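The block underneath contains the structure these notes are about, expressed in structure tokens.
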Amino acid sequence: MSAEANEKQSFSSLDVPNRLLFYPKTVPNPKNTKENEVLFVMKILTSTQFKELDKYTIEHEPVSSTDLMERAAKAIASELKSRWTTATRFIVFAGPGNNGGDALAVSRLLCNAGYTVQTYLFNITGRLSDDCLNNKKRLENLAGLLFTEVSSQFSFPEADEKDVIVDGLFGTGLNKPLDGGYAGLVKRINASPAKVVSIDIPSGLMSEDNTYNNPSAIVRADLTLTIQLPKLAFFFGENQKYLGEVKPMDIGLSAEGLAAIDCSITVIEPGEVKKILKPRNPFAHKGSMGHALLVSGQYGMGGATILAAKACLRSGVGKLTVHTPDMNNNILQCSVPEAILSHDLSDIRVSKAISTYDYNALAMGPGLGTHEETAEALRTFIRNHPGEMVLDADALNILGNHPEWIPEIPQDTILTPHPKELENLVGTCTDSYDRMAKARELSIKMQLYVIVKGHNSMICTPTGRVIINPTGNAGMATAGSGDVLTGILTALLARGYTANEACQLGTYLHGLAGDIARERLGEESMIASDIIDALPEAFKKLKE
Ligand SMILES: NC(=O)C1=CN([C@@H]2O[C@H](COP(=O)(O)OP(=O)(O)OC[C@H]3O[C@@H](n4cnc5c(N)ncnc54)[C@H](OP(=O)(O)O)[C@@H]3O)[C@@H](O)[C@H]2O)[C@H](O)CC1
Ligand SMILES: [K+]
């Protein structure tokens, strides 16, 4: 094999981008306008919604379901051909449904293109979907194809690292964890030295909820060629090991049909978030750009206050007052001279609430501590401030200790828990899906915004929507990163953005600044202050 071919083959984990590729770049659909493309990257569909969109496309384009499958197969085969030369042997495993139908059509296209293809169709129950059956028929008499239909006995083919396994066993139609022979087959696939490419979704992985799945019965792909849009499960950290590189295949599902689907889960799209950012009025003065109040810091935690305060000021707030224990005076005056200080009566902790009447937004939590005196002060603040509010870190831990106070939180308040803080509020969570479900329930019940922080932070809104943030990176998993987000959100609320706008814009900017910091310094060395330093560029980038 030529050196070039070898290069095509080696997409080690190092080549795997740690962000999902949302834009179907290599297989452009001529029908897609720019506008459609924006729509295509925003919505996360459930399996049922995929079926609806499939049906809508078939009826309205119109196109036969076999031709739609052919379109999917062509996109997949062309991606495979671009990565591997005809010297490669493909071993294709096809299941009984349409995922299997895709795999059989891919087998045919690869075989016609001169590849060596060895295909196994698993027809254990004797029932194949119509399009799977159609494609099985189209394989008959195909010269050069090694085809086996498995009904009971099967021996796993010899495979080496030069071979490519195409996993078309199950896609979005999987309705329970794989077991028996299928679980055994998955184990063999995962133990094989061959590269593994999954069609649509690694077989065994549910599109959404994998809480009760069996990890050993899920294919671990090197590359997932997903039909049209990434599935919800792709956004969860614990599923990354199954996915490998993810590349969406544009098969031209109806943009109109997609627009009509009411989708409760979406991904923030740069073009959309840009629209939220309001131009600064040329006649603005500090009094018109909002006055924020940050209640923060106990003895030994002044740094959190500094980070939140700086991020708030770097996010365009007119004025910022920091209510903090007296002992924070010198350090804050020196490190954030732009902030006005309000001294608590206590030297070491926030002990009493002050009037919040003059402030457009209130933030509480960073470095606050959970002392009972502070907890009582927090409760008074919450009761007396009916308006815009951000609760983070220890404010959330206090609420976890006093769940009976949660109903007193004003509607539309933004809570920004990391997974542990969320668990203090909603109980133990088994995985990301469970976290999302429980945070969503809390948002609806208490009419709050809950931002579950992490890789792909999730914004849960009072109406039950979940908005996934695509920016950010593992370098942001560092102390103080959350304090920065609190500062950004508080500034945006004080400036007059709604809680919904602030959540989307703030989370996106926070991640974008993190991505800029990573570019400058690398994931390992970047710290929270670097995210603040990158905020001006993040704002500029968003305005471009
Ligand atoms: N999205 C689109 O518009 C397109 C998608 N395509 C491809 O189609 C699949 C989805 O196809 P579907 O037929 O709905 O489902 P699957 O192929 O994933 O699987 C259905 C069969 O699997 C059986 N099943 C389900 N779970 C199990 C299990 N745990 N063990 C064994 N068998 C299981 C199921 O049998 P039931 O009797 O339980 O119903 C079905 O036989 C999508 O992923 C894409 O790849 C189109 O090709 C293009 C358009
Ligand atoms: K699959």
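Placement of Cβ uses the backbone N, Cα and C atoms for every residue, glycine included.
With Asn99, Asp167 listed by TrEMBL as binding K(+), the candidate from Ser64, Ser65, Ser129, Ser203 annotated for that site turns out to be Ser203. Of the residues Gly427, Gly482, Gly487, TrEMBL puts just one in the AMP site with Lys453, Gly454, His455, Asn456, Ser457: Gly482. Closeness to ligand 2 is met by Asn99, Asp167, Ser203, these being the binding-site residues among Asn99, Asp167, Ser203, Ser457, Gly482 whose Cβ falls under 6 Å from the molecule.
Residue pair Asn98 ((6S)-NADPHX binding site) / Asp167 (K(+) binding site) shows a Cα separation of 13 Å. Less than 6 Å separates the Cβ from ligand 1 in the case of Thr172, drawn from the binding-site residues Asp167, Thr172, Ser457 in sequence order. For the binding-site residues Thr172, Tyr182, Lys453, His455, a Cα to Cα distance of within 10 angstroms from Asn99 (K(+) binding site) holds for Thr172. Among the binding-site residues Thr172, Asn456, Ser457, Gly482, the ones whose Cα sits within 10 Å of the Cα of Ser203 (K(+) binding site) are Thr172. Summary of the AMP site environment: with the site residues Lys453, Gly454, His455, Asn456, Ser457, Gly482 set aside, the chain residues having Cβ atoms within 8 Å of the Cβ mean position are His418, Ile451, Val452, Met458, Asn469, Gly472, Met476.
According to DSSP, Asn175 ((6S)-NADPHX binding site) is assigned to coil rather than to any helix or strand.
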